[in-house]
Amino acid sequence: MKTLYSLRRFYPVETLFNGTLALAGRDQETTGFAWWAGNARLINLSGKLLGAHVAHAGLIVFWAGAMNLFEVAHFVPEKPMYEQGLILLPHLATLGWGVGPGGEVIDTFPYFVSGVLHLISSAVLGFGGIYHALLGPETLEESFPFFGYVWKDRNKMTTILGIHLILLGIGAFLLVLKALYFGGVYDTWAPGGGDVRRITNLTLSPSVIFGYLLKSPFGGEGWIVSVDDLEDIIGGHVWVGAICILGGTWHILTKPFAWARRALVWSGEAYLSYSLGALSVFGFIACCFVWFNNTAYPSEFYGPTGPEASQAQAFTFLVRDQRLGANVGSAQGPTGLGKYLMRSPTGEVIFGGETMRFWDLRAPWLEPLRGPNGLDLSRLKKDIQPWQERRSAEYMTHAPLGSLNSVGGVATEINAVNYVSPRSWLATSHFVLGFFLFVGHLWHAGRARAAAAGFEKGIDRDFEPVLSMTPLN
């Protein structure tokens, strides 16, 4: 018969901060953990830990629903989304809900529905969280062995990993289904300035999809962040979804190999550190994606990227001065290079001036003016459309630069608008959170390894200075 470790709440791999092993209670004396390490009390109480996780999910979903409705209530259809401090509606718009040609919002009802659905879901999760935290069984091993676990049980842990991977794979396929069958998604590259369309011709070629992973991360290459058509993005989700589901099935059906059993630490704190490390990587990648990529994060909703705003400024003044009679092909700038156009070191024609550093920008309002050797002079003279001028002028004055007190835009741009771009918020927040998660990964990895090696003692709580101080109250 399997030993029920849950009946012995404390076992050697998990490290206590003092030697007390008495059961029950919520204080330091009975649990071995001070108030600030409250989660640690639940390490071996699978039922209570389930309650904590479900309640946490409820809080997250409640925030999503409430914030969603808050943004709907404050939304002004006449202004671009990125001028209104919105961080949720741009995601819904990118999925093709409520928008039409050019990214114009034609119906806010889907956004309202999204908010209400999240609020209802959060109530269900909140009830489940409170039930499992207060009323449900403390441990699940005895009554519900399928949901029970012991942190040291390697086979059960990889089964749980497999279930999580399958759920992630299903999530990836939900986006694929939305793009293929349920109204499509917003494509910023659709002719004439973007539109919602169904993705019919998926990119499934492994050489293309995995080619992104093999690219250099630097300018002109840009690793996976350089993806710039929806066929590749949705095709990539097919691959990711399939790999997650197959990998999840594999982890459910197999037991860890001997090398994995030896190499990894098998404790709750170790799994926490692995998870934090993975989330940290996701955060850093998301930061780069939202900052540089204007296909997955269309500029119509998130505002222009930094390079895009800079190139838009060069384009706007090229249009203006060309109308005033300047010969933009040969005009010389203050450094002796071309004032409006110049050649890059590899020979293609790019915008001149300081924006030359952003030569590798690709944007839907600019690409129609390129030829085989970069910007095409005859197209710049004859083919510029009014929507391209309007969009670049708008992006020029909405650079994603700014501070928390909303002094946004380029410091030298007299037409800049006081706003902070959602791109700035999303990139900065994901970088900062990614960094903190990385620090948490190092902290918990160090503790888990030390505990596994048997020399983690923690701080001696019996002689802590605070214990001899006068109570605050």
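Glycine too: its Cβ is placed from the backbone N, Cα and C atoms.
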Residues flagged as transmembrane segment in Swiss-Prot, choosing from 40-62, 178-200, 224-246 | 178-200
Looking at the ranges 69-93, 94-118, which is given as transmembrane segment in Swiss-Prot?
-> 69-93
Of 291-312, 335-356, the range Swiss-Prot tags as transmembrane segment is 291-312
May I ask you to indicate which of 3-23, 255-275 is given in Swiss-Prot as transmembrane segment?
-> 255-275
Segment assigned the feature transmembrane segment in Swiss-Prot (from 422-446, 447-471) | 447-471
Long-range CB partners for the transmembrane segment (255-275) (under 8 A, at least six residues beyond its ends), listed in sequence order, are 13-15, 43, 151-152, 154-155, 157-158, 440-445, 447-449, 451-452
Do any residues of this chain, six or more beyond the ends of the transmembrane segment (291-312), have a C-beta under 8 angstroms from a C-beta of it, and if so which?
-> 80-83, 89-90, 93-94, 102-103, 186, 188-189, 194, 222, 225-230, 233, 351, 354-355, 358, 360-366, 391-396, 398-401, 410, 421-423, 426-427
Short question: which residues 6 or more past the ends of the transmembrane segment (178-200) have a Cβ under 8 Å from it?
-> 93-97, 99-103, 228-231, 234, 294-295, 298-301, 364-365, 367, 387, 391
Neighbourhood of Glu367 ([CaMn4O5] cluster binding site), C-beta criterion under 8 angstroms, separation at least six = Trp189
For Glu367 ([CaMn4O5] cluster binding site), just give me the three-state DSSP call.
-> helix
